[in-house]
Amino acid sequence: MLNKLIERENLSFEESYELFNMLLNESEMRIAAYLVALQTKGVTADEIAGFAKAMRDNAVKIDLGEVTDTCGTGGDGSKTINVSTAVSIILSCFTKVAKHGNVSITSKSGSANVYEALGCKIPETPEDAKKSMDKTNFAFLFAPKYHPALKKIMPVRNELKVKTIFNILGPLANPANPKYQILGVNSPDLLDNVAIALSKVGGIKKALVLYGDGLDELTPNGTSKITEYNGKFETYEVTPKDFGLDYAKIMPCESPDESAKRLIDVFSGKLNEDRNFILMNAAAALYTSENASDFLDGVEIAKEAIESGKVLKKLEEIRNV
């Protein structure tokens, strides 16, 4: 298959699935060759889907029932608060959330970093994650604990210091096999391919793949692009006005501790620039998980959860598991 990639020929879903499993037993030199050849050619939806399905199949198994995930590819280079973590906690007031996360890639506040800064403990085992889900409707799945098969590949990625298909795979490889997913990407070119790949991995009922003018979140100060999958695909653009919200500045964030403090400020009802950023993305997640009829409804539901104290109470429940 290496020659095929060098000749810039695309792989099928089946070939990509096979290649992932081959890489687990290859030398570091050949792993690097495959990853660079694939990246140079440009990855397709079938290749992303094949790798993601193989990554899930090689993951530590966990059954949490019908869950939603909110995460992004990262790698957008932004210094923002960790919106997806805020959204996942709000969403868990209404439905089961399995947050598949890791430490920071390029931001100042990766989801695992912020989760711990909020005073929450990352579950050590699938049994601990199930306990958290049963008690709180929320479980944090720390990616390295569920993908031990990647131990051989990760050093190669780090040594290469270039983007590879693995920069895309994290959100597609949640071992809990979410039925609903909101997934941010760091380039508009990835929208359709990632949405198609997500549909091919299997099990997804509804998903939003989104890009927010340089962010892997919906942006509160410009236009965002969304590819929605609900048995069929639809691509459209949105602004804060579609959510009934005013435009808001994106304020830089310098650390996980700062991100955690600012999330708690919003959860406490503070009216600031972060609030609309979080409300917009929470509304999209509520809509995706079928807990809101549309984006406007989602904003009102999220607002009520914050203003009634439900979200702060939920955070306290998660802390105390």
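Glycine is no exception: its Cβ is also placed from the backbone N, Cα and C atoms.
Straight from Swiss-Prot, the features:
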type: BINDING; residues: GLY72, 75-76, THR80, 82-85, 99-107, SER111; note: 5-phospho-alpha-D-ribose 1-diphosphate binding site
type: BINDING; residues: GLY72, ASN102; note: anthranilate 1 binding site
type: BINDING; residues: SER84, GLU217; note: Mg(2+) 1 binding site
type: BINDING; residues: ARG157; note: anthranilate 2 binding site
type: BINDING; residues: ASP216, GLU217; note: Mg(2+) 2 binding site
**Asked** Since the record lists ASP216, GLU217 as binding-site residues, which of them has the fewest other Cβ atoms within 10 Å of its Cβ?
**Response** ASP216
**Prompt:** Around HIS100 (5-phospho-alpha-D-ribose 1-diphosphate binding site), which residues of its chain at least 6 apart sit with Cβ under 8 Å of its Cβ?
**Reply:** ASP69, CYS71, LEU141, ALA143, TYR146, GLY170, PRO171, ALA173, ASN174, PRO175, ALA176
**Among THR80, SER84, ASN102, the most crowded of the binding-site residues [Cβ within 10 Å]** = SER84
**Message:** At a 10 Å cut-off from the C-beta of VAL103 (5-phospho-alpha-D-ribose 1-diphosphate binding site), count the other C-beta atoms across all protein chains.
**Reply:** 16
**Asked** How many Å lie between the Cα of GLU217 (Mg(2+) 1 binding site) and the Cα of SER84 (5-phospho-alpha-D-ribose 1-diphosphate binding site)?
**Response** 8
**Complete:** SER84 (5-phospho-alpha-D-ribose 1-diphosphate binding site) falls, by DSSP collapsed to helix, strand or coil, into helix
**Request:** Taking Cα atoms as reference points, rank the binding-site residues ASN102, ARG157, ASP216 by distance from THR80 (5-phospho-alpha-D-ribose 1-diphosphate binding site) and give the first.
**Result:** ASP216
**Asked** Can you tell which of GLY72, ARG157 has the most other C-beta atoms within 10 Å, given these are the binding-site residues?
**Response** GLY72
**Prompt:** Taking only the binding-site residues ASN102, ARG157, ASP216, which one has a CA atom nearest to the CA atom of SER84 (5-phospho-alpha-D-ribose 1-diphosphate binding site)?
**Reply:** ASP216
